[in-house]
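First the structure, in the form of structure tokens, and then the observations on it.
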Ligand SMILES: NC(=O)C1=CN([C@@H]2O[C@H](COP(=O)(O)OP(=O)(O)OC[C@H]3O[C@@H](n4cnc5c(N)ncnc54)[C@H](O)[C@@H]3O)[C@@H](O)[C@H]2O)C=CC1
Ligand SMILES: O=C(O)[C@H]1O[C@H](OP(=O)(O)OP(=O)(O)OC[C@H]2O[C@@H](n3ccc(=O)[nH]c3=O)[C@H](O)[C@@H]2O)[C@H](O)[C@@H](O)[C@@H]1O
């Protein structure tokens, strides 16, 4: 049986772009992306493509080409489940904020709701695909829920983790390093493989057992994040020894056994997945009593928290040990460039620390709304919403953010920051004018020549 109808539950950063690319390359398949969030679905259906809920280079063009042809966005979850032969589960799997495993385990309540929804509605056989990142052996729980639905519908479970990175999602989806499919049933595996094969070379489609597939996703994120924490740890040594972390990264990256990617020292990694997935791995290790393994991976998070804190400590110390009443301009709020996603962005934690020291913060980000910035700070619960509003202004023009600032903190590596007229900015700031470049984005010697007191990471 070839697949004619696909349903994807979860219209987020993964569900949206992934299904758009599958739809583009499989015009013979109808895909419906469903979500309980009606506002999000309405935004996906907005005729103004600049209002899509997710900013991702190249996404709006693909949505334009496929939407209402073979790609549909809907809140009618049951109908989409009913008519599809294959159902992707692409809902969020955040870190638990309550109960057993609080602050560490993955919260699987949304996954379970999806499984129960599918079990209740399905009248014909279904292939259920785990697209969300899940703890190893989650497929067992999903299967148990589905198989106890009381019907004689046959469910095949596949694990098909997603490796796209935000900001390059479309490029990553169009040219993936690999597509990973874990499963038991050859029929189910080959049904999914054939969908990818419409644009992905066969030798990049990897088949494994379900558990290897689930665990590979957590492992990939843990290894990637570990590289960043490793280079960030070296950045601190550089700052004490006059070694330069960019030079060190280049020198070690040219060793083909190490490789050059993911060695950019920064203010710390953010994003919705690295921290969550490593904590998840740590929790799994602890649940098997593998305490040394748990401690080993937890150190990646500890190092990352240290890097964020170290950045704001250094800023405060350099500004004569106080930022009280001083204007600090933050350039960038998203967790990396080319995305409007702010989840776990280092900027949130740095701003929170500076606010606790009574700084006045002015933020400019090309793609993040002021409402989102306030929501992110309010979510931490450090102070009241009113206090956050008083302490943080969000501006639409970078130059507004910089007038009379005591210091600039570069939090995100947006390309446009490099093109600013830094000489004019210098004249508008309080003197001495400080830059804390959390992304090593600007040219150090140029900034010093203009007159800035310039601080970067690991240099
Ligand atoms: N964001 C990323 O770059 C990547 C994320 N992942 C994984 O993919 C999964 C999804 O992540 P994102 O897309 O970033 O999350 P997201 O939060 O952007 O989207 C998830 C969507 O699922 C919806 N949802 C939750 N429960 C639902 C239910 N019962 N029925 C219908 N809709 C429901 C939510 O309303 C939300 O719109 C996570 O497990 C994540 O770890 C994997 C690779 C990359
Ligand atoms: O599971 C996921 O969600 C995804 O997590 C990451 O993707 P993402 O978090 O979107 O973005 P990354 O490019 O990995 O960046 C994560 C953070 O690390 C930082 N980073 C990245 C690279 C680097 O060298 N240095 C560095 O500080 C980025 O600025 C950002 O804050 C992985 O790269 C994806 O493969 C994975 O699919």
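Our numbering is plain: 1 for the first residue shown, then up by one each step along the chain.
Using the three backbone atoms N, Cα and C, a Cβ is placed for every residue, glycine included.
If you look up TrEMBL, you'll see 273 marked as active site, nucleophile. All protein chains shown were included, and the count of other CB atoms within 10 Å of the CB of residue 273 (active site, nucleophile) stands at 24.
In the three-state DSSP reading, residue 13 (NAD(+) binding site) counts as coil. Residues annotated as NAD(+) binding site in TrEMBL: 10-15, 35, 40, 91-95, 132-133, 166, 273-276, 343.
Counting only same-chain residues six or more apart in sequence, the Cβ atoms lying under 8 angstroms from the Cβ of residue 165 (substrate binding site) belong to 172. According to DSSP, residue 165 (substrate binding site) sits in a coil region rather than a helix or strand. Here TrEMBL flags 162-166, 217-221, 257, 264-270, 335-336, 439 as substrate binding site.
Here TrEMBL flags 329-444 as domain 'UDP-glucose/GDP-mannose dehydrogenase C-terminal'. The domain 'UDP-glucose/GDP-mannose dehydrogenase C-terminal' (329-444): residue composition by secondary structure is 47 helix, 19 strand, 50 coil, according to DSSP.
In this structure, residue 95 (NAD(+) binding site) is part of a beta strand by DSSP.
Within 10 Å of the C-beta of residue 275 (NAD(+) binding site) we count 21 further C-beta atoms, all protein chains included.
Checked against ligand 2, the binding-site residues 166, 218, 265, 335 give 166, 335 in sequence order as having a Cβ less than 6 Å away from one of its atoms. Only 13, 35 of the binding-site residues listed as 13, 35, 218 bring a Cβ under 6 Å of any atom of ligand 1; the order follows the sequence. Using a 10 Å Cβ-Cβ cutoff, residue 10 (NAD(+) binding site) registers 27 neighbours. If you take the CA of residue 221 (substrate binding site) and look 10 A around it, the recorded positions you hit from 10, 273, 275 are 273, 275.
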